[in-house]
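The Mn(2+) 1 binding site annotation in Swiss-Prot covers Asp119, Cys122, His227 and is backed by sequence analysis. According to Swiss-Prot, the Mn(2+) 2 binding site annotation covers Cys122, His259, His353, on the basis of sequence analysis. The GMP binding site annotation in Swiss-Prot covers 226-230, 353-354, 402-405, Ser409, 428-431, Lys504, and the record cites sequence analysis as its basis. Residues or ranges marked as active site, GMP-histidine intermediate by Swiss-Prot: His428.
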Amino acid sequence: MSRSYNDELQYLDKIHKNCWRIRKGFVPNMQVEGVFYVNDPLEKLMFEELRNASRGGAAGGFLPAMKQIGNVAALPGIIHRSIGLPDVHSGYGFAIGNMAAFDMDNPEAVVSPGGVGFDINCGVRLLRTNLDESDVQPVKEQLAQAMFDHIPVGVGSKGVIPMGAKDLEEALEMGVDWSLREGYAWAEDKEHCEEYGRMLQADPSKVSSKAKKRGLPQLGTLGAGNHYAEVQVVDDIYDEYAAKKMGIDHKGQVCVMIHSGSRGLGHQVATDALVAMEKAMKRDKITVNDRQLACARISSAEGQDYLKGMAAAGNYAWVNRSSMTFLTRQAFSKVFNTTPDDLDLHVIYDVSHNIAKVEQHVVDGKEKTLLVHRKGSTRAFPPHHPLIPVDYQLTGQPVLIGGTMGTCSYVLTGTDQGMTETFGTTCHGAGRALSRAKSRRNLDFQDVLDKLADLGIAIRVASPKLVMEEAPESYKNVTDVVNTCHDAGISKKAIKLRPIAVIKG
């Protein structure tokens, strides 16, 4: 029996101006409470979605994000609370922008591929340059074209980096270390990657041959959907000290942002795991509120196989972003007729938005080992954390937040408050407000392209028809999302970037 909207509201209360609590009972079997972070406009979107669902309207076939946060709170072994970040929107199993941690000491605790997502280690890398906007504006069309020519983009795009089956096995195991050995990365690139660009538990034998077949031709490709490479300029600096540590010292400085993931390989790893886990759930008598939350005990063979395969797909994504960094450096080199080194094309940082990792956190005053699922959310560790690079020990970890086509992106830093409230996690981007299908119905791709041209943004798109799905109108306002995290204290604004050229799948 479904409840009325007013009945649903009985389970929700506001903790402070940017945070709501979802009390136990909102959905069956909740082990812990849920919370979600919003400001006024984002709050309105969340409650509208719930209201529509209680009238029988579905969001693109998914449950409303609030319900999904509640269903995650009912998973075995979850600890502290199920957390929705300001960019949260309905997804497969977990909402995108929903993170949760599971107690590794609890034999019942599970791992759920729906808590990582199909694009394993979809993430963002930011490069800086010593160029100024005035250097790039006159040649931005050539630069956009050079990047479009160098980086293979689009749905079925194939890579230009030579790769045999043996190379793929090594890349899956070694991550950025493979790129380094093959000459596609600089030694310091690795220092500025989450996990140093290599998850050590990766086991290529846990990646099916079907997944490898999908991944082999796609390495060093951008893919379609919300993936992009953008030439950006620094629009505002909120934290000069943190910005300086990142090599950003003035407005107008040019950067490059690369947003991509593990392509078809990661998708197949997730699909394979979901099939195996359905069987494991029957065997181990695990019940969940939503079939999409298929999971397995962390300690089970299925749980371990998935974590090892997921880590390999994660490594593939880091190699992918490294390959695209190599191609970007070549494109800049060609246009500006000088070496990437002379252009200071260094990696500021590289973060993952879809991953599960074993981490140490303090919960109720006790140090615990947890499996932290971050889906559509970003690790944001505070200053002095042992897992962040030496360069950022005093500022906190850089967090890269991609906007949507034609809107701003942000660099944030991690905080101590985020460490206690959200397991050192913050938002990842704008978060969809319209489903892809709805975007295609409501928006015309030519209008979207014209609007970008009006903003003075050079654009190269492999599949124009996909542009509507990624139009700024399809998304929540990234500034709302970032400000909510800043005001709530779970991350701190450092730099704002605006695009001048976009390359898209």
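Glycine is treated like the rest: Cβ placed from N, Cα and C.
Remember, it's a predicted structure, so these values are computed and weren't measured experimentally.
For Thr404 (GMP binding site), the nearest of the binding-site residues Asp119, His259, His353 in terms of C-alpha separation is His259. In terms of Cα distance, the binding-site residues that sit within 10 Å of His259 (Mn(2+) 2 binding site) are Cys122, His227, Ala229, chosen from Asp119, Cys122, His227, Ala229, Asn354, His428.
When the binding-site residues Asp119, His227, His353 are screened for a Cα within 10 A of the Cα of His428 (GMP binding site), the ones that qualify are His353. Counting in whole angstrom, Gly431 (GMP binding site) lies 14 from Cys122 (Mn(2+) 1 binding site) by their C-alpha atoms. In this structure, the C-alpha atom of His353 (Mn(2+) 2 binding site) lies 6 angstrom from that of Cys122 (Mn(2+) 1 binding site). Between the C-alpha atoms of Ala229 (GMP binding site) and Asp119 (Mn(2+) 1 binding site), the distance comes to 17 Å. Rounded to the nearest whole angstrom, the C-alpha distance between Asp119 (Mn(2+) 1 binding site) and Asn354 (GMP binding site) is 7. For the binding-site residues Cys122, Ala229, the ranking by surrounding Cβ atoms (within 10 Å, all protein chains) places Ala229 first. Around the Cβ of His227 (Mn(2+) 1 binding site), the number of neighbouring Cβ atoms within 10 Å comes to 24.
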